[in-house]
Amino acid sequence: MATDSHTRARMLEVFGVFLRLGCTSFGGPVAHLAYFREEFVVRRRWVNDAQYADLVALCQFLPGPASSQVGFGLGLRRAGLAGAVGAWIAFTLPSALIMLAFAFGAAALTGPVADGVLRGVLAVAVAVVAHAVHGMRRSLAPDAMRGSIAVVAALTVLLIGGVWGQLAVLCGGALVGAVVLRPTSDGAETDDRRAGGAASWSRGAALTSLALCAALLAVLPLLAALTRNGAVALADAAFRAGSTVFGGGHVVLATLEAEPAIARAISQEQLLFGYGAAQAVPGPLFSFAAYVGAVWDGAGGGIERVAFALLSLIAIFAPGFLMLLGVLPFWTRLQRRPTISGAVRGVSAAVVGVLAAAFVDPVLVHGVTGWATLGLALLSLVALLCRVPPWIVVVAGALCGGVAAVV
């Protein structure tokens with residue numbers, strides 16, 4: 001009984017801390033990781049700096065939402081699998097509810113003011129993605145070789161397009177990186193202080209997680225093709241997107257936009273509108289998936305739209321978590337291999353190109369439709385470069401668009 005009480009107390013602790021962080025963590029994945037370090041390394045001492053650094057490195061190596069995966073791993077270490085799931089629910093819940101409410105509100109808005117707000121948010125989205133490309137280029141493609149990978153990746157995606165174009169450049173980036181971007185020395189520590197969350201998850205359970213992820217990737221497309229059901233198509237598209245998103249939440253726009261099922265069910269204007277709104281909420285950018293599910297063309301009334309939003313959220317987060325569980329016990333050995341490190345660098349550089357291609361089309365194409373929207377996009381970019389919080393920029397852009405529509 002004492003053990004059960006202790007476990008329950010830890011689970012409640014995990015849920016409470018991550019719920020507070022989900023309500024207050026503005027600024028995107030990089031800011032989230034800083035908040036997590038302050039909370040769990042410095043203040044609560046759930047892990048030490050070396051363990052936290054290893055967990056962050058693993059989550060950046062894997063596809064999926066890095067900050068949410070780090071939170072999932074911290075919850076796993078503190079309170080087992082239930083703690084991991086609780087950490088994800090608590091951190092995601094506030095932003096998911098806001099995005100769901102936004103989807104319902106956006107559907108109810110009509111008329112010139114609503115059109116003006118839409119144009120304002122789309123113009124701000126141009127600035128947000130341009131700022132993200134700039135920041136990712138500096139951190140993920142800082143030299144000539146990685147810059148070249150990014151440029152080739154962007155041109156390839158623009159020419160080929162779609163999911164296969166993105167997968168091709170990611171695989172190509174990994175191959176090039178494994179050959180030419182290998183570090184000269186690994187310097188990896190392997191002592192117990194760097195065990196991260198691996199002790200909380202067995203190798204057998206890890207292999208089961210990887211097998212489940214692979215099975216879902218294979219089965220969901222078949223089910224979607226056979227049933228032609230909107231919910232199955234949404235689950236398939238979201239799960240595949242979550243399996244191929246490298247580089248953080250900003251890349252989710254490019255990945256979702258490339259999915260044929262999403263292109264059929266949601267207009268690009270709707271997609272960009274929701275993405276722009278997602279910049280104004282705390283928590284993970286992947287909560288954008290709640291909006292995608294709620295505005296899905298196959299969703300019916302209110303309750304069904306909520307169900308589609310929940311399905312979309314679970315499907316887009318699940319592959320990243322399954323892969324984290326699958327790799328966690330083996331990570332200490334994997335990270336010592338120079339080929340793996342080089343491949344990660346190559347993929348990261350290719351991700352910059354994928355996001356740059358999305359910036360050109362659809363973001364720039366739909367966001368800048370005249371001199372007024374170009375001016376708003378440039379002003380928004382200046383504000384972001386001056387470190388104005390993104391949520392303020394989004395709200396200001398929406399207000400400018402709404403006011404311009406009535407004057």
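Each residue, glycine too, has its Cβ placed from N, Cα and C.
Quick caveat, the model's predicted, so the values are computed rather than measured.
Copied over from TrEMBL:
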TRANSMEM  88-110  transmembrane segment
TRANSMEM  116-136  transmembrane segment
TRANSMEM  148-181  transmembrane segment
TRANSMEM  201-226  transmembrane segment
TRANSMEM  272-294  transmembrane segment
TRANSMEM  306-331  transmembrane segment
TRANSMEM  343-365  transmembrane segment
TRANSMEM  377-406  transmembrane segment
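Two recorded stretches are said to be in contact when at least 3 C-beta pairs lie under 8 angstroms, sequence spacing 6 or more; the transmembrane segment (272-294) and the transmembrane segment (116-136) meet this definition. Counting residues 6+ beyond its ends, the transmembrane segment (88-110) has Cβ neighbours under 8 Å at 14-19, 21-23, 25, 68, 71-72, 75, 117, 270, 273-274, 277-278, 281-284, 286-288, 290-291, 294-295, 302, 305-306, 309, 313, 317, 321 in the same chain. Long-range Cβ contacts of the transmembrane segment (116-136) within its own chain (Cβ-Cβ under 8 Å, at least 6 residues beyond either end) map to 109, 247-248, 250, 253, 269, 272-273, 275-277, 279, 351-352, 355-356, 358-359, 363-364, 366-369, 373-374, 376-378, 380-381, 383-385, 390, 393-394, 396-406. If you look at the transmembrane segment (201-226) against the transmembrane segment (148-181), you find fewer than three C-beta pairs under 8 angstroms, all six or more positions apart, and that falls short of contact.
For the transmembrane segment (148-181), same-chain residues at least 6 beyond its ends with a Cβ under 8 Å from one of its own Cβ atoms are 137, 140-141, 240, 244, 246, 254-255, 258-260, 339-354, 356-358, 360-361.
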